[in-house]
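A.B. asks: If you scroll down you'll find the structure; I have some questions about it.
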Amino acid sequence: MRRVALSVLFQSSRVLHFTDLRDKQIALCNAAPGHTVQFHQHRRHSSAPVSSVGGQNTFSCLGASCAGLLHPSRVRFANRRRSGSTSKKAQVKSSVNQLAIPSAATRERRKPKLSNSCAPAVESQKVGVAPTTSRASGETRTSCAPPPASRMKPSFYVVAVGRQRGIYSTWDQCSEQVKGFSGAVYKSFRTLSEARAYLTAHPARSGLEKSDRGDGAASLSALSEPQVGLRRSRAAEAEASYVVEAPAQPTLRQRVEEEVPSGAAAVQRAESSVPQVVYVDGACSHNGTPKARAGYGGFYGSTSDSRNFSLPVPITEAQTNNRGEMRAVIHCIVQGFVDAGVPPAALGTSHCVEPDWELSELPQPLRRLVIYTDSRYVIDGLTRYALKWVANGFKLASKEPVLNQDLWRQLIRLRDAYNTRYAEQQHWAAATCSHASTRVPAASQSKRFHTHNTRNDETEGIELRHVKGHSNDYGNEMADVLAVAGARMHGTSE
């Protein structure tokens, strides 16, 4: 297809002169009725049925007002032959005089008619509705449908995952919640009902919702009762004032009880649920000295989450930073079991290698657990050395015993039990898609437990992810605050 440029050369009293027309399909014309639009075509060969006058194509304007787009069906071409001996000025004059310009009655008869089914085209253009022309009837029908959503300016911004969930009325307010936020999820909508539906369809996850401070920093002044959670600061109150609407989200247990009546459906619901994300850290003052006091903490992404914890390492055991890191991960795994229906008292016995509560039978499905930690000691121990330690009786290459064996045994057992139960749920869900009464025997998945699986990815029930410590990561900073507070609790208990 030939594409050539269009530009105005000059305008006489009744003739508009243009250069080449793009494929002779449309032209922009501001001529009054009866004016002539003249095109100067540099390329002489054309597939369009247009006559030439001195190498120039001409037609007359027929509409009441030619402002807008002209189609070949609305123009009238002059049947003129090229005259090679006359000058350009003579050619233009000759073409004007010999054009078949229609009469006023003809122009009135050919004038497009407006349909009464909607507002006039002029009014519709004011509200962003473009009129459509029917070639067959000559009528111009205006469409009352709004323009495509992609071209409409959004009025509501939904932050599903960010520093503060909710619906915002301006982009500036929305960007404050998602800019620089890892894993932010947000979307714009034209109507409030669509925004509400999107927010409801994306329930609050345990991912990070930074509602205290925007710079990722944290301080001990934000703590009230570390064992329960963090107190919302005034910055969070001010930030929350921007929210137009943020409906309360049900807990995992409420969603399972209300939305998933059967066991198989509950497993399917858990399979598609958003992973539970938690940041953990350990701290120790005077590490390596007799005055050492260790603590650990965990942050579930929101300062209002009651599962946030800040606890001291028991004074009856070694006070080290590594034991704090290990205890924090153990606490998170046990909390995952508690969320699935294990009695909350299990958190008090999480340090026991053989707890007095059952790991296998759970009334609710386990959620996939993603734990962020800055401890390579814990990650490498579980993913690289656990299988070897279990096989050789927790011995190092130097035949020396592995330190912190009590916590390693408990951590490996809990991790393997969690992964085994989670995998069984996934297989159960797959098996019960067609036969709800059929359940995969637990024995078919017992191999995972006995081999102490060391995989660490999104296919497992528990995934450990490394985060660089003291790198202004909000979740890590908040976990560090809780861990330090836990270490300082030794002074209040002694």
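Along the chain as shown, residues are numbered 1 onward.
Backbone N, Cα and C atoms are what each Cβ position is placed from, and that goes for glycine too.
Features from Swiss-Prot:
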- 79-148: region 'Disordered' (REGION)
- 84-100: compositional bias 'Polar residues' (COMPBIAS)
- 131-143: compositional bias 'Polar residues' (COMPBIAS)
- 205-231: region 'Disordered' (REGION)
- 272-488: domain 'RNase H type-1' (DOMAIN)
- ASP281, ASP480: Mg(2+) 2 binding site (BINDING)
- ASP281, GLU325, ASP374: Mg(2+) 1 binding site (BINDING)
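Can you walk me through where each of these features ends up in the structure?
C.D. replies: Confidence annotation: the domain 'RNase H type-1' (272-488) carries a mean pLDDT of 83 in the model.
Of all Cβ atoms in the protein chains displayed, 22 besides its own lie within 10 Å of the Cβ of ASP480 (Mg(2+) 2 binding site). In the three-state DSSP scheme, ASP480 (Mg(2+) 2 binding site) falls into the helix class.
Around ASP374 (Mg(2+) 1 binding site), the same-chain residues six or more apart in sequence whose CB sits under 8 Å from its CB are ASP281, HIS466, VAL467, LYS468, GLY469, ASN476, listed in sequence order.
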A.B. asks: Expressed to the nearest Å, what is the distance separating GLU325 (Mg(2+) 1 binding site) and ASP480 (Mg(2+) 2 binding site) at their Cα atoms?
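C.D. replies: If we compare the Cα positions of GLU325 (Mg(2+) 1 binding site) and ASP480 (Mg(2+) 2 binding site), the gap is 11 Å.
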A.B. asks: Compute the mean position of the Cβ atoms of ASP281, GLU325, ASP374, which form the recorded Mg(2+) 1 site, and then list in sequence order the other residues of that chain whose Cβ is within 8 Å of it.
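C.D. replies: Other same-chain residues near the Mg(2+) 1 site: VAL280, GLY282, ASN321, GLY324, ALA328, THR373, SER375, VAL378, GLY469, ASN476, ALA479, ASP480, ALA483.
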A.B. asks: What does DSSP call GLU325 (Mg(2+) 1 binding site) in the simple three-state scheme?
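C.D. replies: DSSP assigns GLU325 (Mg(2+) 1 binding site) to helix.
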A.B. asks: Among all the protein chains here, how many other CB atoms are within 10 A of the CB of ASP281 (Mg(2+) 2 binding site)?
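C.D. replies: Taking every protein chain into account, the count is 30.
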